[in-house]
Amino acid sequence: MLRLDNVSTFYGKIQALHNVSLEVNQGEILTLIGANGAGKTTLMMTICGDPRAQSGHIEFDGQPIQQMNTSDIMRMGMAVVPEGRRIFSGMTVEENLFMGSFFRSKDEAEEQLEHVLELFPRLKERYSQRGGTMSGGEQQMLAIGRALMSKPRLLLLDEPSLGLAPIIIQQIFEIIEKLREEGVTIFLVEQNAHQALKIADRGYVLENGHIVMSGTGNALLNDDSVRKAYLGG
Amino acid sequence: MTETSLYILQQLINGLTIGSTYALIAIGYTMVYGIIGMINFAHGEVYMIGTYTAFITIVGLLTMGVGSLPIILLLALITAIIISSTYGYAIERVAYRPLRGGPRLIPLITAIGMSIFLQNYIRLAQGSRDLAMPALISGGIEFGDPAVFEVSISWMQLIIWGITLISMTSLAMFISRSRLGRACRACAQDRGMTNLLGIDTNRIIALTFVIGAALAAVAGVLLGLYYGIINPYIGFMAGLKAFTAAVLGGIGSIPGAMLGGLILGVTEALTAAFFPSEYKDVVAFSLLVLILLFRPTGLLGKPEVEKV
């Protein structure tokens with residue numbers, strides 16, 4: 001579904017990604033784990049076209065996207081929940097959600113809204129509240145709900161568990177699994193490697209901008225070096 | 001009422017009139033700043049072009065024998081809005097978009113260059129001498145004691161208030177209710193994220209330039225008719241005043257621009273009431289300095305939060 005082939009990304013003169021190749025298959029949960037500063041967010045944003053990949057190929061549904069504008073890429077059927085959530089804090093939950101379905105028709109948006117509110121009943125309770133007044137967990141739900149409003153086939157999630165209480169993290173991971181059952185392909189970037197590998201079909205490990213390892217979620221979970229570096233021994 | 005209080009009332013009426021037009025122009029500064037963080041110093045010129053377009057339309061219609069005032073006014077507004085918006089769009093496309101992403105100082109310098117270019121372009125095309133706008137609307141209502149002081153509100157002033165009110169209300173509705181208005185607000189808060197939602201933010205930015213230019217054109221038509229005299233340099237001072245109004249209200253805030261415009265207009269009129277009228281500019285810009293010193297975020301502006 002999504003393929004990266006030898007992708008390198010630079011911030012000015014600093015190279016953040018070195019010849020990264022990876023593949024996300026239809027219907028799976030793929031996770032990318034790595035330490036702070038390994039380039040996980042850069043990788044995710046490079047897929048979205050911001051920053052652009054300096055070299056290499058990125059294909060979505062067989063179509064090269066590395067030269068496309070961010071907004072055009074995001075209209076092809078992927079949606080992103082970025083690092084730090086980036087909800088529109090001055091806008092209500094309703095307005096935030098409808099920003100997610102901006103380029104969809106009104107009917108499609110209404111239909112998807114029902115579905116999103118079913119997944120996140122909390123958002124229904126907070127419907128007319130400003131996004132910025134909600135708790136971190138609620139904001140994360142809003143960010144995921146907003147991304148789902150465009151009815152994406154591929155959902156990119158950047159550290160959805162960051163800074164949240166364990167019980168909320170549990171809920172978020174349950175939602176992610178539920179989405180996969182509905183047929184949404186998930187690309188999950190996480191520092192919380194244990195949780196992520198537990199639900200993932202496959203995973204990649206990113207270190208200093210290089211992919212150093214890949215395998216099924218279980219295999220990585222049981223790998224000694226992964227355990228040492230990311231799972232606390 | 002005493003003579004002084006009637007006199008002050010008269011100045012308030014005059015001040016609110018000028019203030020409304022400052023507010024209309026200030027919206028353009030504040031919306032553009034809110035979205036891309038730059039001051040579009042060519043905005044005053046867009047206002048001036050609106051005035052010239054109205055002048056040409058009005059003179060043209062009168063020569064053709066069109067006598068109906070509402071039709072003339074409406075057509076003047078429509079043509080001014082179309083021409084100014086086109087300029088607003090073109091300025092953004094040609095002078096600012098290619099520089100986006102660069103250091104902040106660069107578009108600022110380009111904006112000043114654009115302003116000088118447009119001013120001289122109109123000077124060459126239309127001549128630099130004053131032109132007299134045909135007096136379309138005269139008369140008004142008067143009240144107060146003729147023996148003490150007669151307060152007058154001209155029809156022109158009432159028209160300015162009315163049209164400003166309609167424009168501001170439509171803008172407020174557009175921003176708060178419509179789908180594109182929502183996108184404008186989203187863009188102002190987090191342009192990158194708006195882009196990540198599949199929205200072409202370049203188009204939203206162009207839209208804010210067009211809206212700002214349209215409102216400046218409305219102000220151009222109204223002020224042109226109100227003052228009766230136009231020349232290619234009127235955009236400079238009007239632009240500075242409107243910029244002051246935008247900063248006063250809190251740059252980036254639309255209600256702030258409205259409030260700032262009215263306060264500035266009234267302040268100027270009251271200054272002119274008690275001091276030689278040349279001092280009104282001194283007071284207006286002193287106000288700008290004071291606001292920048294003691295409340296840089298303006299009356300309704302929010303402090304800029306460093307984004308992480």
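Along the chain as shown, the residues are counted starting at 1.
Each Cβ is built from the backbone N, Cα and C atoms, and glycine gets one as well.
Features of the protein shown, as given by TrEMBL:
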TRANSMEM  B:12-34  transmembrane segment
TRANSMEM  B:46-65  transmembrane segment
TRANSMEM  B:71-90  transmembrane segment
TRANSMEM  B:102-122  transmembrane segment
TRANSMEM  B:155-175  transmembrane segment
TRANSMEM  B:204-227  transmembrane segment
TRANSMEM  B:282-301  transmembrane segment
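Ranked by Cβ pairs under 8 Å to the transmembrane segment (B:71-90), the stretches B:12-34, B:46-65, B:102-122, B:155-175, B:282-301 are led by B:46-65. Only residues 6 or more beyond the boundaries of the transmembrane segment (B:155-175), in the same chain, are considered here, and those with a CB under 8 A from a CB of the stretch are 13-14, 16-17, 20-21, 23-24, 27, 73, 77, 137-140, 181, 184-185, 211, 215, 218, 222, 225-226, 254, 258. Counting C-beta pairs under 8 angstroms (sequence separation of 6 or more), the transmembrane segment (B:102-122) fails to reach the transmembrane segment (B:204-227), with fewer than 3 such pairs.
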